[in-house]
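*Asks:* Quick paste of what Swiss-Prot says about this protein:
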- H134, H138, H144: Zn(2+) binding site (BINDING)
- 10-21: compositional bias 'Basic and acidic residues' (COMPBIAS)
- 1-21: region 'Disordered' (REGION)
Amino acid sequence: MTLHVGAEPAPREDDTEDALREPELDLSVQYGDEITSDVRKTLPKRKLIAEWIEPALFASAQLTVRFVGEEEGRTLNAGYRHKDYPTNVLTFAYDAAPDGTVIGDLVLCCPVVEKEAHEQGKPLTAHYAHLLVHGALHAQGYDHETSDEDAAEMEALEVDILAKLGFPNPYQ
């Protein structure tokens with residue numbers, strides 16, 4: 001789910017010299033109060049998170065990834081989406097910087113991600129990779145809830161990016 005805070009979709013094509021440069025990622029990683037040191041040991045590290053997100057970027061981005069527990073996940077989902085339960089990933093997309101840099105926060109609720117991975121028979125690593133790619137696409141304006149065509153486009157991008165990263169199709 002994407003929460004747009006005055007955000008416009010990131011430009012996908014540009015005919016200037018900047019379009020020839022690879023998108024750059026300025027990444028911060030945070031941990032909510034509920035994330036114990038034992039849980040942190042099981043989470044992907046910053047370098048791996050960046051390796052998963054970078055192929056999903058079509059513009060430079062300044063992103064914060066925050067890992068949270070059920071309480072914070074529920075509070076955020078209730079406060080911003082009016083749904084009183086934690087969800088796997090929330091994306092907060094903000095207005096792009098003047099240079100077009102995408103700015104956003106990706107919040108992943110660890111207990112929900114772990115439960116889904118177990119229920120779906122997926123490796124936890126693969127599920128985190130999928131949700132980070134999914135969230136990065138949301139931060140750039142992609143949306144799967146506006147139309148079937150948009151959902152198909154976003155899913156196809158996710159499947160392609162994850163395949164390049166060595167992960168199977170998350171929708172099968």
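Heads up, the Cβ atoms here are built off N, Cα and C, so glycines get one too.
I'm curious about the neighbourhood of these features; can you describe it?
*Replies:* The secondary structure of H138 (Zn(2+) binding site), as reduced to three states from DSSP, is helical.
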*Asks:* What does DSSP call H144 (Zn(2+) binding site) in the simple three-state scheme?
*Replies:* coil
*Asks:* For the binding-site residues listed here (H134, H138, H144), which one has the lowest count of neighbouring CB atoms within 10 Å of its own CB?
*Replies:* H144
